[in-house]
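**Student:** Residues annotated as domain 'ABC transporter' in Swiss-Prot: 31-272. Feature annotation from Swiss-Prot assigns ATP binding site to Gly63, Pro64, Ser65, Gly66, Cys67, Gly68, Lys69, Ser70; the stated evidence is sequence analysis.
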Amino acid sequence: MQHESPTSGMNMSALRRHKQRLDLADESVAIEVPGLNLFYGDKQALFDIALNIPKQKVTSFIGPSGCGKSTLLRCFNRMNDLVDGCRVEGAINLYGHNIYTKGEEVAELRRRVGMVFQKPNPFPKTIYENVVYGLRIQGINKKRVLDEAVEWALKAAALWDEVKDRLHESALGLSGGQQQRLVIARTIAVEPEVLLLDEPCSALDPISTLKVEELIYELKSKYTIVIVTHNMQQAARVSDYTAFMYMGKLVEFGDTDTLFTNPAKKQTEDYITGRYG
């Protein structure tokens with residue numbers, strides 16, 4: 001009797017997706033996307049996305065403008081729910097739980113999956129109050145607890161030594177790079193499991209960019225990090241895994257060094273060598 005392999009009934013497209021996802025089978029997976037489609041009204045923006053994002057690693061999304069990188073990133077904490085007419089088909093499993101389950105507590109999801117945007121967005125409050133903002137929302141007001149959270153979050157964000165004597169001054173007086181690290185401190189103060197970074201260095205100068213990249217490297221020992229970047233050199237420097245997207249589709253996903261030095265797809269090679277995009 002001839003025995004069929006587990007993949008024998010798949011078409012070639014499904015087989016490629018299956019193999020991409022199984023490449024990370026030996027890793028501890030934080031986010032599993034088994035097959036995701038997203039629509040804005042009648043227009044489809046993401047097409048059958050399937051990938052596994054490993055725990056406590058840095059995964060970068062690269063691709064030309066409008067390819068769906070940020071759209072996919074915003075699915076991981078359901079920020080796209082805020083867009084009128086947006087519809088998601090499929091599942092995203094965060095540590096095995098589908099975050100698109102009916103009745104999901106989205107506020108709690110966004111605590112577990114924090115997000116930092118490309119333009120630093122500190123609140124018009126003191127540095128201290130920026131860091132403890134999320135904790136206060138959770139009803140935590142004991143001064144000792146807040147003080148400890150401020151110190152460890154700012155230290156984790158490599159900002160403590162620069163602001164420890166200015167905690168009660170306005171956060172708006174910080175430089176752009178300091179503001180972005182403050183936003184990261186504010187995000188991790190509520191102890192998320194995943195950090196989503198949407199082009200976090202695009203508005204920063206090279207020195208500030210280097211500090212944020214060093215911070216990303218330090219933070220991955222505790223957090224799963226997913227970063228969207230237009231800067232391929234940055235993706236190569238900071239990430240363990242890279243996904244290349246084009247026109248709403250996942251073209252290639254794998255180990256960063258391999259993807260940049262020996263891509264499996266010609267489309268990927270053309271993009272990273274500057275032939276288009």
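Each Cβ is built from the backbone N, Cα and C atoms, and glycine gets one as well.
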**Student:** Could you tally the C-beta atoms, other than its own, that fall within 10 angstroms of the C-beta of Ser65 (ATP binding site)?
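**Tutor:** By my count, 8.
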**Student:** For the recorded ATP site formed by Gly63, Pro64, Ser65, Gly66, Cys67, Gly68, Lys69, Ser70, name the remaining residues of the chain with Cβ within 8 Å of the site's Cβ center, in chain order.
**Tutor:** Thr71, Met245, Tyr246
**Student:** I'd like the Cβ neighbour count for Gly66 (ATP binding site), meaning other Cβ atoms within 10 Å of its Cβ, all protein chains included.
**Tutor:** 13
**Student:** Count the Cβ atoms, other than its own, that fall within 10 Å of the Cβ of Pro64 (ATP binding site), considering every protein chain shown.
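**Tutor:** There are 14 such Cβ atoms around Pro64 (ATP binding site).
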**Student:** When DSSP is mapped onto helix/strand/coil, what comes out for Gly68 (ATP binding site)?
**Tutor:** coil
